[in-house]
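Worksheet: one structure, shown below.
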Amino acid sequence: MCKEFEPKIAAFLCNWCSYAGADLAGVSRLQYPPYTRVIRVPCSGRINPFYIMRGLYEGIDGIWVSGCHPGDCHYQTGNYYARRRFALIKNLLEFIGIKKERIQFSWVSASEGGKFAEVATKVSNEVKKVGPVEKLVREKRIYD
Amino acid sequence: MRQIDKEKFYKELNSLIGEYTVYAPVGDRVKKIKDTKEIKFEGLLTRFPAKEHMLPQNEELFRWNRDKKIEVKIPDTKAIIFGIRPCDARAIASLDPTFNTEKFPDPYYINRRKNTIIISIGCNNPDDTCFCTSFGSGPFDPTGSDLLVVDTGEKFLGIGKEKILDMFGFEEGNDGGEFEALKKKAEGKIERINLAGIKDKLDSLKETDFFKKISYKCINCGACTFLCPTCYCFDIEDMERIDGGKRVRIWDSCMFTIYTQETSGHNPRKQEERRMRQRIMHKFSYYPFLYDIFGCVGCGRCISYCPVNFDIRNVLKTIGGMDE
Amino acid sequence: MIENIRREAEKILKEGVVDLVIGFEEGTIPLKSTPVFIEKPEEAQKLVWNSFCENNLAVYINRFKDKKVGIVANGCCSRAIVNLIIEGQIKREDVYIIGVPCEGMLDRRKMLREGKTEKDVDESYLYTNCRYCGHRNPVIYDYLAGEKLEEHSAQYPDIKEMESLTEEERWQKFSEEVNRCIRCYACRQACPMCYCEVCFVDVNNPKWLEGGVTEADVGYWNLGRAYHLAGRCVDCGACERACPMEIKILNLTRKLNKDVKELYNYEPGIDINEKPVLGEFTYEDKEDFIR
Amino acid sequence: MNNPYLPIEAEVKMARFESDDHSLKTIDLTPVNGDIFDFIPGQFCELSILGKGEAPFGIASSPYEDFFRFTINRAGLVTTELHHLEEGDKIGLRGPLGNGYPVHLFKKKNIVIVSGGFAFTTLRSLIKYLLKNRTEFDKITLVYGSRRPDLLLYRDELEEWEKSGNIEMYITIDKEVQGWKKYVGFVPTVLKEVHPSPDNAYLVMCGPPAMVKFTIPVIEELGFPPDKVFTSLERRMKCGFGKCGRCNIGPYYVCKDGPVFSMEQLKNLPREY
């Protein structure tokens, strides 16, 4: 039996914009693939780049971080700082040979339910296409 | 002295692969080999000591499944470690009194040790950093090895257990004084440090600022202890997964702050000099006190690979030169 | 130049400007100079400066919090000091910097493998980061022990070369290197910027990283260490030189340095009054990777 | 060969919080298979929660009770996990480890017990042991102090012992609290007031480092010779039987050769405690 690959995607959504955007997408009955696991965070600036590496380490196939558009941050500047961090971690991981599709970032505001569904679909499809993560993953099970 | 053609020896060793797991130097590590052709001597000593096959860097103590049912697997593979130097062999032997104790024997270590044949190879050409003769040993010391072979060009001379010599088919013969000649030549190259009374001298230094002075330079990494063939300290850690978990022992180093850090925040060895004192005293005072042997074999790895060139020979010389 | 260093060290010790001078003396193994801590003026004659002073002495400054420290500093060491000042670890007035223009350090292990001795000092043995160094002169100093050298801007041909490889090749290279890691943390300890009281690998709650030495564990450790130096690494190469397994870990931090320079036009450890690059932002930062 | 790394399974029979702020929890354990193993008061066990780790704790029950008692201060990863235990839960238990108090020396002697805070655990074990064999020992004196009344361990038993008259008890708290009828003041001060005689006596001390530091001069002043003063030490431990290497003080391992040392022994060791 060959089951279709269902990726695991950790979606770190900022409480004030993207999470509300996801909410709106849900209320509007927009469809997107069911692979994302949402983790609500106060701000995209709260995302320690180590979370991204830790995600890969635990065998998460894709990591998607989403926050408010620049200028809209609930805490004024959180996403500006985050932007610099993300640029560096994304480049670093790509540099060592992690597929760029696995690390995704987006700005989704509270009113962009449509964009949320669209990005979620894109991220899901891209991660699905690159297959299960193998690099940097620790031993997933003790009993094989 | 019993001897064998090198070619014949390697052939014999090759035929034992399968029955035994054979470890031999491949570049800078002692690795499991599938064929003796893989053996590659690079420099005198392998960078990484062979202790990793007695006390692996990560060793599973036991594992448990979802229902928390514990399973233990004690290693029982028969193994041969070939091609390490006599100092590394003696280093493994020096771990025995710690792990093979009467009250709390360590089954993992003991079983490995019992099932492993150690074949060391004499050092015809010792390095500048060697100082094994200081410990009453030397480049052709068979202590700790089940068999010591000496390379004479075409032949291996063998000293060791009768059983092992027979296993490889060493023949009786006359070496024509070659062994003694090689030994003398090799020992002559090695610097000898006077270690007489070092234990008492160290004991009297323990509360002085001697260790503070020498620890200035040390950056407290674990390179010396991880590459040391006699260092054995470890940490125990649980690794949990969705289908169970395992308890693993992992090498640790007395040079790390976290090593003695207690949950309360109290750390008896927070200061660099205390950690330096621990490392030196453990090797040259506590070990002789407890087991009557030094916790150092003079392989010189900690000298060659120290990032800041902390030279333990200088420390020993300084102490040796002091009046009691 | 050595004479100047010795004279100045002796002078500041004699005058009581500093309590001790950190510098280099001849080592005990071939092609190696070793850090030395001079407390008496007459000991200043021990100091040397040559192509094998490969450690970054700034790593020791933090250890002498209660003392005034004199330090023999080349370009990268002085940049590390600047960074430590920016990050509030030390005060400018507590260090006396004997600046040394530096022509780069030689790869001693490569030389030893090829059977070279001290006489064979040759540019072809320069460490990668020294070859493409952008700051050969100290950026701050109280005394300069030699003529200033001509500066070139920092180059990253080695990183560009790796970037041009395919993804699989890059991974191959990375895993080949880190798989040798034994997690002795020599890289961390040798780094002047790794001064955290508790390192992320030592934290057990939350446990960021397990103690294993599998590819994932050592990969995560090396990446994590490098990322913590993003925008802070002064590219001194102390980590790579300290590594007992000779892992080319400088790649990662050099990549980050290159990005920081290209994206935000920032070089760590140049100006005391600058803010760290990740503690700053502009509205115009590039965001083409964000959807 | 017995595998010393392997914990036995034990069931929690009783779990209760000792202090009002829930920082101290007492649990009673019994092995699932087999009986209580024999031990000496002052020895310790490693409690292990699979997946979280192990931590050493002094045994607070006496060998005459049908359970092992431990009192746990909530501090780190393992202790937090232990605080979540409820009756019926199963955990790992490894022991007995360490040397324990030299009770064989105490026969026909006066015994002075000095303790502070939640270090009282192993001393409860000792007192229980002494009371069981009460006729073999002479006068028993207890000086026990803590910061607040609710941080005193095993309060109902303390009262029981006091009533029985078998022990001379001096219970103290650091600061005056309304309704407190016993002593107020730090342990060293109270000990000085009590002024136990060093004749034919042994002194056992266990407490936080600060208390130990200030009590040692008082003990010296009272005239107790160092070889008759015993104290129990605490260090970070992993294996618990002298292999992993971290808990040594000089050539002695706290886990194997300790945790009970005489002051005489400690005098000659590096000051790393």
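Just so it is clear, glycine is given a Cβ too, placed from its N, Cα and C backbone atoms.
Note: TrEMBL annotation is automatic and uncurated.
Summarising the annotation, TrEMBL assigns [2Fe-2S] cluster binding site to D:CYS239, D:CYS244, D:CYS247, D:CYS255. Marked as domain 'FAD-binding FR-type' by TrEMBL: D:5-103.
Positions of the features from TrEMBL, shown on the structure.
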residue  : record                        : contacts (Cβ under 8 Å, 6+ apart)
D:CYS239 : [2Fe-2S] cluster binding site : D:PRO4, D:TYR5, D:CYS255
D:CYS244 : [2Fe-2S] cluster binding site : D:MET237, D:LYS238
D:CYS247 : [2Fe-2S] cluster binding site : D:ARG235, D:ARG236, D:MET237, D:TYR253, D:VAL254, D:CYS255
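Within 10 Å of the Cβ of D:CYS255 ([2Fe-2S] cluster binding site) there are 26 other Cβ atoms, across all protein chains. Each residue in D:MET237, D:LYS238, D:GLY240, D:PHE241, D:GLY242, D:LYS243, D:GLY245, D:ARG246, D:TYR253, D:VAL254, D:LYS256 lies on the same chain as D:CYS239, D:CYS244, D:CYS247, D:CYS255 and has a C-beta within 8 Å of the C-beta centroid of that [2Fe-2S] cluster site, without being one of the site residues. Using DSSP to sort the residues of the domain 'FAD-binding FR-type' (D:5-103) gives these counts of helix, strand and coil: 8 helix, 44 strand, 47 coil. D:CYS239 ([2Fe-2S] cluster binding site) falls outside any helix or strand according to DSSP and counts as coil.
Confidence annotation: the domain 'FAD-binding FR-type' (D:5-103) carries a mean pLDDT of 90 in the model.
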